[in-house]
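Trainee: Below: one structure in structure tokens.
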Amino acid sequence: MEKEQLAVYFIAGTPNCLTTIEETLQAAIDGGIAMFQFREKGEGALTGERKKQIALRLQAKCKQAGIPFIINDDIALAIDIAADGVHIGQEDEPASVVREKIKGGIVGVSVHTMDEFEKAIADGADYVGTGPIYVTATKTDTRPVAGTTLIRKMKDKYPDFPIVGIGGITIENAEEVMKAGADGVSVITAISHAKNPKQAASQLKNVFSRTQ
């Protein structure tokens with residue numbers, strides 16, 4: 001994968017969107033997101049065949065736009081529909097095991113410490129997401145807020161490894177994350193709860209452009 005694909009990395013599931021997830025994703029694509037992660041979690045989240053059918057529709061939109069379609073955690077679904085990759089957490093199987101299963105797709109890993117970061121690299125991850133950078137309401141089980149300090153440490157030691165910041169990132173604070181060295185920002189509500197998701201995505205893309 002290319003680092004530029006992390007520039008504006010939109011993450012969402014059906015419980016996160018004010019309208020339908022299809023409408024929200026299309027608006028985000030039109031606004032310039034570079035990658036999408038389907039994260040179907042939380043109250044009211046779809047399961048089974050209903051989840052698969054939504055995933056297929058979202059995947060088709062991403063394919064048409066030429067952006068990677070990533071699935072959060074659900075490796076079986078990712079294999080079933082031939083997603084472009086998966087994103088896993090610290091409680092999941094190591095990236096090395098996941099990579100064997102998905103046969104060449106993108107593998108992203110959530111990390112919160114330098115030790116977890118270096119293990120992800122050793123296990124063959126393509127990129128890491130680190131955070132929460134700021135306070136977030138999307139996940140109730142998050143680690144303590146990290147700020148941008150860890151991103152700076154990661155980039156000081158591994159300047160070429162792709163890193164995306166996540167957690168509480170907004171249009172207002174995204175520039176700080178980028179200036180710390182992140183290759184992009186991962187957002188959920190900054191786009192999914194925006195009155196104009198297309199405009200929100202476009203504004204985040206502009207932040208990325210002016211910090212390069």
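Keep in mind that glycine also has a Cβ here, set from the backbone N, Cα and C atoms.
Grabbed the feature section from TrEMBL, which reads as follows:
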DOMAIN    8-191  domain 'Thiamine phosphate synthase/TenI'
BINDING   Gln37, Phe38, Arg39, Glu40, Lys41, Asn72, Ser110, Lys139  4-amino-2-methyl-5-(diphosphooxymethyl)pyrimidine binding site
BINDING   Asp73, Asp92  Mg(2+) binding site
Trainee: Within a 10 Å radius of its Cβ, which of these binding-site residues (Arg39, Lys41) has the fewest neighbouring Cβ atoms?
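Mentor: Relative to the other binding-site residues in Arg39, Lys41, Lys41 has the fewest Cβ atoms within 10 Å.
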Trainee: Count the other Cβ atoms sitting within 10 Å of the Cβ of Phe38 (4-amino-2-methyl-5-(diphosphooxymethyl)pyrimidine binding site), across every protein chain shown.
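Mentor: Its Cβ shell of radius 10 Å holds 25 other Cβ atoms.
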Trainee: Can you check which residues sit near Glu40 (4-amino-2-methyl-5-(diphosphooxymethyl)pyrimidine binding site), meaning Cβ under 8 Å from its Cβ, same chain, 6 or more apart in sequence, and list them in order?
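Mentor: Those within reach of Glu40 (4-amino-2-methyl-5-(diphosphooxymethyl)pyrimidine binding site), by Cβ under 8 Å and sequence separation of 6 or more, are Gly13, Thr14, Pro15, Leu46, Thr47, Lys51, Ile54, Ala55, Asn72, Asp74.
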Trainee: Using Cβ-Cβ distances, find the residues under 8 Å from Asp92 (Mg(2+) binding site) that belong to the same chain and are at least 6 apart in sequence, listing them in sequence order.
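Mentor: The answer is Asp73, Val98.
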